Structures are given as C-alpha cells and as structure tokens.
Amino acid sequence: MLWPRGALEQRSGSGGGEDYRFLLRQKNLDGSIHYGGSLQMWLRVTEERRRMTERGLLPQEEVRGDHADLCCLPELTERSLLDNLRSRFRQERIYTYVGSILIVINPFQFLPIYNPKYVKMYDNHALGDLEPHIYAVADVAYHAMLQRRRNQCIVISGESGSGKTQSTNFLIHHLTALSQKGFASGVEQIILGAGPVLEVRTPMQ
C-alpha cells in the first residue's frame, strides 16, 4: 500500500484536499471480497457530504486535473497546469491539448494505444472529438492536405530524450495506414523516406 506522494503536504498546506484512507481488503474462501474497518460508515459520510454540497451547505470541491485541453482550465496558473498534466500522467494519459497543440509526456514505457484499433478510431475526426492522441494530429493534417490540396507541416519540439523520434514514428505509422486506404498509396514510400532525416543532429553552438 502506497500513500499518495505529497498528500500530507497538500492537506496541511490547503486545509482540505482529497480524503485518503486505508482499507483492509480480505478475500473469503468463496472468492468474495470483504472490507474490514468502517467502510459502510465512510460511504454514509461521503454520501451525506455530497448531498450537503449539492444543497449549498458545503463549498464545492475543487476540480483537479483531467482537462483534456488546458485551454479549458478554470484558472490558468503554473500550479493548475502542472497539476492537470500530473493527474493525467498518473492515469497513463500522456497526451493533452493546448488548443491545436499537443503536449506529450514521455512515459518511458510502451502503452497499448498505437494498434490498428486506434488508427481506425481516430480516422476522420476533428481535433478534440476524442481523447488527445498523436494519431488525431496526424489525421487532421492528412485530411486537411486532401481537402485543401496544400502541404501540411507538423512541428515536433522538445528536450533531448523527450521522445521526439518516437512521436515522429507514431505519426509516420498513422499517415502510412491512412495512405494505404486507396488512392494515396504512393505516400507510404515518401513518408518512410523521411527516416534518414530523423537522424540529423544540430551541431553544438
């Protein structure tokens, strides 16, 4: 059992915050789960607190994190921005929008969100319709190129080790999958030809 990092500091600093409790869970012989301690009393108190909040007798709980677009934050500060990114990262949601810009936090592990299911899911959707994803950016650029008949550019920027090359590979993967649907099959070889460009390094100043 791990106590959330910084929970004590947040409670002592703000006088409120989330209510963390430990519960003892025991598996019975018949396979059912039994919770020790005062779980039922805790649930009753939580429900009563929710009802009092709805009636205006208690202040509304602060909404923390999990805004898919940082432009939707109720209060834009460095603290709220970082808290939102931290909350999403802990849920393995490494992508977050800032309008049409996509922020990516390198998870340093492979997440199962790059398979053909996701390629099809993000096909021909407007930015923001679905959960933020690098496939969404690639898809919007691809269809904008077809509809407007103009070249499109996706800029990838970040510190060393932030995952720029890997993000570019995911972009190429999605664009290649889209190009294989029919009339744009020649795009595949053009995109794959960008591989050597990815290895170019800017000389030190």
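Here the Cβ of each residue, glycine as well, is placed from N, Cα and C on the backbone.
Automatic prediction, not curation, is the source of TrEMBL annotations.
Feature annotations, reproduced from TrEMBL:
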DOMAIN    65-205  domain 'Myosin motor'
BINDING   Gly158, Glu159, Ser160, Gly161, Ser162, Gly163, Lys164, Thr165  ATP binding site
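This view paints the features noted in TrEMBL onto the structure.
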residue	record	contacts (Cβ under 8 Å, 6+ apart)
Gly158	ATP binding site	Val104, Lys164
Glu159	ATP binding site	none
Ser160	ATP binding site	none
Gly161	ATP binding site	Asn106
Ser162	ATP binding site	Val104, Asn106
Gly163	ATP binding site	Val104, Asn106
Inset, instruction - Mind looking up the mean pLDDT for the domain 'Myosin motor' (65-205) in the predicted model? - result: 83
Legend entry - Other same-chain residues whose Cβ falls within 8 Å of the Cβ centroid of Gly158, Glu159, Ser160, Gly161, Ser162, Gly163, Lys164, Thr165, the recorded ATP site, in sequence order: Asn106
Legend entry - Secondary structure content of the domain 'Myosin motor' (65-205), with strand meaning DSSP E or B: 63 helix, 9 strand, 69 coil
Inset, instruction - Have a look around Lys164 (ATP binding site) and count the other CB atoms within 10 A of its CB, chains all included. - result: 16
